[in-house]
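Listed features, source TrEMBL:
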ACT_SITE  D75  active site
ACT_SITE  E139  active site, proton acceptor
BINDING   H73, D105, E167  Zn(2+) 1 binding site
BINDING   D105, E140, H413  Zn(2+) 2 binding site
DOMAIN    189-333  domain 'Peptidase M20 dimerisation'
Amino acid sequence: MFSLGAIKIPTVAFLRKQLNTTALIEFGKYIQKVFPAVFSTEFIQHEVVGEYSYLFTVRGSDPQLMPYMLLAHMDVVPASEEGWKFPPFSAEEDEGYIYGRGTLDNKNSAIGILQALEFLLRRNYRPRRSFYIGIGHDEEVSGLDGGKQIAMLLQARGVKLSFLLDEGSGILDGVIEGIKSPVALIAVTEKGSLTLNLTVRSDPGHSSAPPKETSIGILAAAVSRLEKNPMPRLFGYGPELMMFEHLASEFAFPLNIVMKNLWLFSPLVSRIIERKPTGNSMVRTTTALTIFKAGIKFNVIPHLASAAVNFRIHPAQKVAEVLEIVKDTIDDDRVEITVTEAFDPLPISPWDDQALGVQIFRRTIMDVFPHVSSIAPGVCIGNTDSRHFTNLTDAIYRFNPVVLKADDVSRIHGWNERISVKDYEKQVEFLFQLIQNSDIDKLPKPHLSTHEL
Ligand SMILES: CCCCCCCC/C=C\CCCCCCCC(=O)NCC(=O)O
Ligand SMILES: [Zn+2]
Ligand SMILES: [Zn+2]
């Protein structure tokens with residue numbers, strides 16, 4: 001059963017320097033209380049990193065096996081009180097679902113990993129392969145003070161990882177139009193990100209004698225141009241090509257033929273899938289207007305208007321290219337553009353028979369989710385703490401072992417985020433199996449089954 005207390009602790013992260021530190025401390029105390037074996041077992045070391053994040057080092061019995069890492073985070077995005085069926089930090093249970101901010105992103109993983117380990121320890125299990133668990137405290141606001149510090153600490157200790165598993169994708173059931181059965185997408189990369197601050201300054205004055213254009217009007221026109229002119233279609237130029245080719249047999253005729261021949265049909269397919277927000281995120285660099293600020297009083301022309309625009313960069317594009325397109329699209333020198341944060345799309349992790357992590361995930365998914373009909377490489381449309389770990393391994397995977405239905409994706413960062421009790425139990429079962437399956441020293445033999453990749 002989900003530790004409901006974890007959801008009730010409002011570990012909200014607003015900005016990098018605006019965290020609910022009281023809640024973060026409480027969360028640390030909470031996990032110590034509910035997972036006593038994890039915190040007291042002799043072969044597990046726990047450390048607090050960056051004041052609130054946790055790093056667990058689980059020393060396996062065979063030092064010859066290269067360690068791996070499981071990553072999650074305890075912080076959550078803010079949640080408004082209105083719009084929810086139940087208050088976002090009430091952890092209310094209703095018709096088999098637990099409601100609350102963090103139930104999918106990402107206390108389910110943080111608690112699920114520790115829960116699975118606690119179960120194993122109570123059965124006197126000691127892993128052969130060492131592993132690390134990182135529970136970040138600021139993933140939603142960059143991960144620079146939590147996840148990144150954990151990565152730097154491990155790097156300073158000379159640690160190399162065989163693979164790393166973080167949040168960022170899942171088992172999609174009815175999310176991809178045309179695919180009826182659930183498919184597991186393990187993201188082998190994540191999109192880049194660029195956040196711009198746009199500012200327009202104009203003379204302040206009395207609203208009774210307004211100028212022809214105000215800072216608000218100029219800025220509104222600029223952001224509207226960005227929204228009306230989406231970034232170019234790049235579908236088929238990144239690993240989403242691999243994803244759809246792997247999933248081709250899931251589509252009925254004639255779509256299965258189309259998906260197998262994306263070299264020819266990608267322009268057509270991209271026009272169809274871009275109609276939905278999740279599909280659009282696969283097709284291009286997305287443009288999201290997220291903050292707009294201006295004005296203080298109805299009869300005062302404001303001096304300043306500012307807006308934040310967040311772009312999630314398609315794997316086939318780079319920050320510099322996006323910035324150039326933005327400048328051309330705005331095409332107005334009165335709009336001052338400054339970069340708040342920027343990074344390119346992440347490297348693509350291996351997806352082949354030699355990739356240990358992939359083989360272990362594949363086996364574990366088949367064990368725990370036998371109804372999943374395909375396991376395919378995907379693209380994480382958001383960003384995760386795993387991006388800070390590229391110096392420790394080239395095998396970074398993003399996969400949350402949870403079934404997401406069509407309306408679940410918008411619950412993440414939205415209203416009524418929830419997880420079913422059954423799905424949470426499956427997540428713990430997956431992690432319980434994964435830790436044991438990771439003890440193999442050789443790659444498992446190819447499995448003969450319908451889960452063909
Ligand atoms: C053709 C349709 C393909 C659909 C693929 C969509 C897959 C959606 C699956 C999972 C949901 C996305 C999870 C993203 C995790 C992001 C974690 C996060 O919030 N990080 C902070 C940030 O990105 O700002
Ligand atoms: Zn998250
Ligand atoms: Zn998030």
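Just so you know, glycine gets a Cβ as well, placed from its N, Cα and C.
Automatic, uncurated: that is what TrEMBL annotation is.
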The domain 'Peptidase M20 dimerisation' (189-333) - residue tally per DSSP class, helix then strand then coil: 62 helix, 36 strand, 47 coil
Cα proximity to the residue listed as 'active site, proton acceptor', best match among binding-site residues H73, D105, E167, H413: H73
Rounded inter-Cα distance in Å - the residue listed as 'active site', E167 (Zn(2+) 1 binding site): 13
Whole-number Å value for how far H413 (Zn(2+) 2 binding site) lies from D105 (Zn(2+) 1 binding site) (Cα to Cα): 8
Recorded positions close to ligand 2 - of D75, E167, H413, only those whose C-beta is under 6 Å away: E167
D105, E140, H413 excluded, remaining Cβ within 8 Å of their centroid (Zn(2+) 2): V76, V77, N106, G382, I412
Recorded positions near ligand 3 among H73, D75, E139, E167 (Cβ under 6 Å): none
Zn(2+) 1 site shell beyond H73, D105, E167, criterion: Cβ within 8 Å of Cβ centroid: A72, L104, N106, K107, S109, A110, E139, D166, G168, T384, N400
Distance [Cα-Cα, Å, rounded] between H413 (Zn(2+) 2 binding site) and E167 (Zn(2+) 1 binding site): 14
Number of Cβ atoms other than its own within 10 Å, given for E140 (Zn(2+) 2 binding site): 26
Alpha-carbon distance [E140 (Zn(2+) 2 binding site); H73 (Zn(2+) 1 binding site)] in Å: 9
Alpha-carbon spacing, E167 (Zn(2+) 1 binding site) to E140 (Zn(2+) 2 binding site), which is rounded to whole Å: 12
Densest Cβ neighbourhood among H73, H413 (binding-site residues), 10 Å radius: H73
Assigned element (helix, strand, coil) containing the residue listed as 'active site, proton acceptor', judged by DSSP: helix
Model confidence over the domain 'Peptidase M20 dimerisation' (189-333), averaged pLDDT: 97
